[in-house]
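Enquirer: Before we start, here is the structure in question, set down as structure tokens.
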Amino acid sequence: MALLPRALSSGGRPSWRRAARASRGFPLPLPFPAAATHALSRAMACRQEPQPQGPPPSAGAVVSYDYLVIGGGSGGLASARRAAELGARAAVVESHKLGGTCVNVGCVPKKVMWNTAVHSEFLHDHGDYGFSSCEGKFNWRVIKEKRDTYVSRLNTIYQNNLTKAHIEIIHGHAVFTSDTKPTIEVSGRKYTAPHILIATGGMPSSPHESQIPGASLGITSDGFFELEELPSRSVIVGAGYIAVEIAGILSALGSKTSLMIRHDKVLRSFDSMISTNCTEELENAGVEVLKFSQVKEVKKTSSGLEVSLVTAVPGRLPVMTTISDVDCLLWAIGRDPNSKGLSLNKLGIKTDDKGHIIVDEFQNTNVKGIYAVGDVCGKALLTPVAIAAGRKLAHRLFENKEDSKLDYNNIPTVVFSHPPIGTVGLTEDEAIHKYGKENVKIYSTSFTPMYHAVTKRKTKCVMKMVCAYEEEKVVGIHMQGLGCDEMLQGFAVAVKMGATKADFDNTVAIHPTSSEELVPLR
């Protein structure tokens with residue numbers, strides 16, 4: 001496939017939008033002289049740029065675009081906007097609010113609540129730092145109102161960004177049709193494009209009533225953001241990062257919180273050091289971690305929910321217990337892909353047993369011209385991953401960068417636990433499995449951050465560096481402690497670039513910080 005010519009903008013810079021227009025036969029405007037350009041700018045400033053208008057399609061007509069994106073979440077929006085920048089006529093189909101899980105019921109409102117919880121923790125330390133009368137009364141409704149206002153503002157920003165990029169927003173639910181060429185139908189109207197991206201994300205899983213009687217009395221992480229008051233008594237079910245984060249937030253803000261897990265540790269897919277330390281920190285912070293436990297039944301009573309559970313510690317007889325007066329039972333047991341309502345079978349688009357759309361390394365499905373990115377694919381369920389994959393795809397499709405694809409190796413991730421976790425690369429066990437135990441060297445440390453030098457409340461900071469072969473290439477970094485969420489990004493760049501232990505040793509550390517402990521590890 002031939003690359004588009006590097007057409008120049010009026011300022012002499014390469015413009016892929018101009019190149020794309022030229023390749024489609026659109027005339028390119030000639031560069032204006034500087035004086036004329038300034039005059040035009042002044043004139044344009046006095047009026048709003050008109051939006052492109054066209055005759056409305058008839059009811060039976062099929063509307064065509066260069067790029068159709070199903071899903072207005074982070075990945076879909078990023079891909080659509082990048083495609084538009086490259087000259088494509090794009091449209092986004094969204095049945096709910098723009099921004100997807102991340103903006104509406106995920107990363108963004110979660111981080112606001114985590115920040116709130118951190119304030120609560122620091123309040124307890126103010127006396128140790130010499131401040132008196134530091135006991136503050138928390139009002140859940142105040143932060144909920146401010147949080148929701150912030151989210152609404154982001155929804156508007158996304159809407160404005162699409163409008164400025166001349167990307168059409170199609171409101172409604174998309175389903176594929178049986179037409180000869182890939183086509184979707186939204187609210188009775190059909191749309192088609194040579195390139196269609198599925199970026200519909202995922203949704204929280206919850207058990208069926210047939211599995212756990214009364215399960216529907218609980219909520220999911222989506223429902224967490226609808227709570228009007230801080231629950232007095234909370235039970236969180238799950239051992240993944242969502243369960244850990246919500247349990248930590250509720251506990252820090254004053255809710256009596258139990259975290260029910262099937263095994264003896266949380267975050268079992270993380271490095272063993274992180275899994276062990278995070279479990280301990282939860283317990284130290286006052287979260288009741290119910291290990292080897294599962295919910296058996298949920299009942300509604302006059303004083304709240306009654307949660308019956310069974311605890312089956314290996315080597316012991318199972319024990320049945322009940323937690324009464326529960327205000328909030330929250331299921332955080334995983335996420336399912338939003339793929340069932342798309343009629344994928346009409347085109348024969350393949351999915352796995354859970355409904356995740358199967359794609360190759362270039363985000364292609366098994367059907368030509370149909371692609372998928374983000375949580376609906378079930379791989380690395382992180383907002384920045386969906387954004388990066390969506391943009392890479394746009395460059396491949398509309399800039400003819402045939403090798404443009406996301407490298408899924410060494411993706412950094414953070415858990416907003418208390419204290420936060422940062423991790424990138426292979427765990428110790430993964431490295432041993434990949435390189436052999438004799439070829440793996442581990443460096444680790446554990447210490448109390450300087451912040452806690454004068455506080456009664458203590459949290460640890462633990463760090464681990466995983467290195468491979470004689471050159472000791474750093475293939476993994478894992479840490480939990482104050483500030484680890486912010487310090488990870490720089491270390492992730494080093495890991496991505498292939499840094500060695502010697503590179504870290506040769507770097508002068510910043511003192512006094514927690515991050516300096518990772519540089520000269522022994």
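From the backbone N, Cα and C atoms, a Cβ is placed for every residue, glycine too.
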Enquirer: For the FAD site that Swiss-Prot describes with SER74, GLY75, THR101, CYS102, LYS110, ALA174, ASP375, THR383, HIS511, which of these is also annotated: GLU94, GLU168?
Expert: GLU94
Enquirer: Where Swiss-Prot shows ALA239, ILE242, GLU245, ARG262, ARG268, LEU381, VAL414 binding NADP(+), which of GLY304, GLY315, GLY334, GLY341 is named for the same site?
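Expert: My reading of Swiss-Prot gives GLY334 as the candidate in that site.
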Enquirer: Which one is it: of the recorded positions LYS97, CYS107, HIS511, whose Cα lies the shortest distance from the Cα of THR383 (FAD binding site)?
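Expert: So, spelling it out, the nearest of the recorded positions is CYS107.
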Enquirer: Within 10 Å of each Cβ, count the other Cβ atoms, then let me know which of the recorded positions LYS97, HIS511 comes out lowest.
Expert: HIS511
Enquirer: Rounded to the nearest angstrom, how far is the Cα of LYS97 (N6-acetyllysine) from the Cα of ALA174 (FAD binding site)?
Expert: 15
Enquirer: If I restrict to non-local contacts, at least six residues apart, and a C-beta distance under 8 angstroms, what lies near CYS102 (FAD binding site) in its own chain?
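Expert: For CYS102 (FAD binding site), the qualifying residues are GLY73, SER74, VAL108, THR383.
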Enquirer: Got a sec? Which of these recorded positions, CYS107, ALA174, has the most Cβ atoms within 10 Å?
Expert: ALA174
Enquirer: What are the non-local neighbours of GLU94 (FAD binding site), defined as same-chain residues 6+ apart in sequence with CB under 8 A from its CB?
Expert: GLY71, GLY72, GLY76, ILE169, ILE170, HIS171
